Amino acid sequence: MLQSLAGSSCVRLVERHRSAWCFGFLVLGYLLYLVFGAVVFSSVELPYEDLLRQELRKLKRRFLEEHECLSEPQLEQFLGRVLEASNYGVSVLSNASGNWNWDFTSALFFASTVLSTTGYGHTVPLSDGGKAFCIIYSVIGIPFTLLFLTAVVQRVTIHVTRRPVLYFHVRWGFSKQAVAIVHAVLLGVVTVSCFFFIPAAVFSVLEDDWNFLESFYFCFISLSTIGLGDYVPGEGYNQKFRELYKIGITCYLLLGLIAMLVVLETFCELHELKKFRKMFYVKKDKEEDQMHIIEHDQLSFSSITDQAAGVQEDQKQNEPFVSPQPPALADGASDH
């Protein structure tokens, strides 16, 4: 009997706090996913980093042996300066000195990566004025970009998602949920084809050192706004039509980001995903909210009445102990 009561109480407790339990499992799952990614990346990339370090040490040792007139501190000072310049997008290589990083098209590309929070990091402001302007420009521009993207996605979603689903539901009598699922899958396939596979094939042709996998990797890293910066198009030596190419890439990134947001919004509107998301939300208890509001109002009213009573008490304390008589009464007393 006691066990059944304890079991039923535990079940009621779990059901009552189901949203909190689901949220706790969500946080735990996210942390485990982060740890899983760190373990995989470390196990895969660390051996390649070690090989690269060993290769660089051998090259450095061989270079010093062949050039005995050059000391190791001098070489390290030179290499440090070269690496520092490379971090700012400036290279000392003879085949990489023809492209400017801050002409208009490159600056336009940089501004688009800043506002979209992609931020490849291949080009950064050099001057203090440029860094200060970048801060101010981002503080204003990023919320402006979010507002712009929200407005565009809302309008595009109406014409691309809601109206087609409603048309097939009303005109042909199909189930709205089934039509929404099929439409979301088809829209995802079209978006991946138009903004991932086809651009990856184009980049693999236009960029000499990129294969299809590297081009697809760039498309995904860019449109997901990760922006690692290890692959940046239009930075090759003697790139043909470089200005036009940079403008085209800027338009591609903006349109691709809008397309990605439309697809995400389409999937988020699916009934099944809405039910799944509600598992992790705090449930709104209207009666409990009303009780809190009433208690807050009562507390506010009682505090106001207490303040009014305090004011009246102060006024009474300031009054004299013997109240002055009215003038009429005083005159009558003198007549008598």
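Quick reminder: no glycine exception, Cβ is built from N, Cα and C everywhere.
The structure displayed is predicted, hence computed values, not measured ones.
Membrane topology per Swiss-Prot: Ile181 and Arg277 share a side, carrying the same topological domain name. Among the ranges 57-62, 117-122, 285-290, the stretch that Swiss-Prot annotates as intramembrane segment is 117-122. Per DSSP, the secondary structure of the region 'Selectivity filter 1' (117-122) breaks down as 0 helix, 0 strand, 6 coil. Applying DSSP to the topological domain 'Extracellular' (203-211) sorts its residues as follows: 4 helix, 0 strand, 5 coil.
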